[in-house]
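Take a look at the structure set out below.
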Amino acid sequence: MKVTPEKKKGSDTPMMRQYLEVKERYPEYLLLFRVGDFYESFYEDARKVSEALNIVLTRRSNGASADIPMAGFPHHACEGYIARLVKKGFKVTVCDQVEDPSQAKGLVRREITDIVTPGVTYSDEILDDKHNNYLCALCFMKKGRERRAGVAFIDVTTAEFRIADLQPEQVKDMLQSIQPSEILLSSRDKSYSDTVSRILPQEVVVTILDDWMFSEESASQVIERHFKTHSLKGFGIDSAFAARVAAGVVLHYLADTRQNRLQYITRIALVDARDHMTLDLQTKRNLEIISSMQDGSTSGSLLQVIDKTCNPMGARLLRRWLLRPLKRIDAIQARLDAVEVLIEEGAVRKALAEGLGGIHDLERALSRIATFRSMPREVRSLGSSLQKLPAIQALLKDSGSDRLKKLVSGLDLLDEITSIIESAIDPEAGAKLRDGGYIRSGYNAELDLLRSVSSNAKSGLMEIQQAERRKTAISTLKIQYNRVFGYYIEVSKANSDKVPDYYEKKQTLVNAERYTIAELKEYEVKILNADEKSQMLEQELFRDLCVRITACSKEIQQNAEIVAELDCLHSYACCSEAYGYVKPEVKEHGNLSIKNGRHPVLERILHVDEPYVPNDCFFDKKQRMLMVTGPNMAGKSSYLRQNGLIVLLAQVGCFVPADAAEIGLVDRIFTRVGASDNLTSGESTFLVEMNEAANILNNATGKSLILLDEIGRGTSTYDGMSIAWAMSEYIQSVVGARTLFATHYHELAELEERFDSISNYNATVVETADKVVFLRKIVRGASDNSYGIEVARMAGMPSEVIQRAKEILSGMEKRDIMISFGKECAGTIEPQSRQIYLFEEEERKLKNAIEALNINTMTPLDALLELKKLQDLAGGDG
């Protein structure tokens, strides 16, 4: 903002001084200032708002000072406009009028009523039902020689609050996993914002905070105060010093943004990396777990195929499950057994789906109720959702799955609060508090009495109307109401001469006159007093109900977690049965056996007349790397991805697309697939490729699964082949991970002769007289042809280009390459006209030297000397 409040105070209007005082407290926020029926922004904020919302930038008079820029929008549309600003990365402060302007003595009193940032919002206009919205804090600390990174992330709409204590180099993977909307950094670490901008979407906001907020003492005090405890040992986070500081920063920031009703955030949990697999950005992207590489949407992703959830809580948890596969066999097996039971018991599964579908978003409803942002209809929905729990509990309490039984036994049916909501909120309640009438009759005696007074008084109005019609002989006389004039008698202009003297005129219209009388005034006072008191009492009762619901936060959140997990297991069962998946066996060993595996996404999008071709995959102690060669478009990349996805599905506890599968537990899945430039970071295709390859070699273990596709494609042939060869040797000799390596370097097939652990496989083709058919079947043995020309033909290359490519390929294979040149070539292809030989420079020199020899005039000694020269030339000495 290009204005200094201190310097302007004398000449600004009182309202602008009020504005500037508020703006001074929130300089980094867009300030929306309520003026009448509009929210206005001024100065530099106005320019930003005008540009972001594409609304008119105008000017406002400012007393003796110069006119100032102004942009605004109607107050009733504020939620949509604020959502647009926040989605564009702005942080917004809302300053409202907190008294009736007509009752104000002088300047209307205004206060900050809301602060909205990308990471702190409850608005449905901003949030996605199926996505978490995380606020995240990062803290980098050093104790002695140990350097640690703390990550804390919270979704204020669901009360999920977690921390992770990491090595600094692990932070990027964590951020890419949680995908926060806003990140809090210390001023000391603000340079890390450059890293954030490289690894996260552009709209993620980085907020820099004062360094003192990142002290251990400050953080501990904030956490202990929030959770009302004197020690953090009971939370299991006492030793995670950097993560604990990050958690304190999150809570401090929420307080700074006026989030002062956070009683519903009742838990904080430590993320244990030993329990879950870490998926880096490349793996998530290359396997298309959550989104498609084509357009970034869920269409074409694993999530789209697997997601059969019935409510938003389950949908959000399913995303988290897919991004955090399990590494504990007992947890995996518990999910698999539950899915098996739900598949076998179709009637139970159907009834469960009906129950889950009737449950609304308990987590987000609770957060809005606890912060007094909720409306009566949402409270009613929460109550009706709780009413579904007994049926779900009864349905699964005798289940054949221990996990399902344990889950439903943990449900708290909350009979008392459910009954209170049922008796308090009218089923026909309006969407807004101002609509009134949402508290049921019989819930509160005082409210019933006030409503009776109002109702009886309104009946009295009808009696007055009938009496006045008789007295005046005006049959069209009506008693009506509006907010400006209150109750009045309306008489048409044609009948105005019949109006008696005791009528007091209130308003003149084009076609009518409006009056009042003493009796009407008395009733008006009774009605308005009763209505006003009734409305105030309703709001008070509703607020008290919200407080009572908030007191049950722990129980409601526990129910929400259970419902979400049941929903995910139900989703697994639905897709597993529908798609013919099988229950995998997950073991502690390092083997892997998949019989007739299928790609879970590709098989769903292929045409009916083009069935997906299944393939086997096998690893044991002896066979650790499958070197897959074969033509382009023959299915090598799909084969790699399908096996990665099958392993991932098994370890998230879902059945898998195969005839049978035994999965040796995998600690991480690494992928290096395709080529992509990171030009915004100044990184070429090859550098990106090498960075990703280095990450794999440095972090993979003997329990990992590595998927490599076309390593070395971003550089020269010999460089690329050398790197691919060396990587293969290193993985087998040092790392020992199960590896699928798809390559167009057919020379790598020779590695099978050097390593017992490497086996050659190829994607089969059938050659006919005029074309090649890709069978997409992976079989034992190496391939010696990539059939690139056939792929070019399928892509629609002109037939002349295809024919010429075949001739050039034939020549190259014979080391006798001939390319036509000259003006005669324009528009025509003449394979045998005017030829030149293309040799490497050394070969050209050798050829010229041989052609220059005149063997008819040489003596035997001359011939030997010339032969020696040719040897030197061939050896590079010439």
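Glycine is no exception: its Cβ is also placed from the backbone N, Cα and C atoms.
Feature annotation from Swiss-Prot assigns ATP binding site to G630, P631, N632, M633, A634, G635, K636, S637; the stated evidence is sequence analysis.
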Any further residue of that chain within 8 Å (Cβ to the Cβ centroid of G630, P631, N632, M633, A634, G635, K636, S637) of the recorded ATP site: A742, A763, F774, R776
Entry from the binding-site residues list G630, P631 having the most other CB atoms no farther than 10 A: G630
M633, A634 as binding-site residues, winner by CB count within 10 A: A634
Count of other CB atoms lying within 10 Å of the CB belonging to S637 (ATP binding site): 19
Coarse DSSP state, helix versus strand versus coil, of N632 (ATP binding site): coil
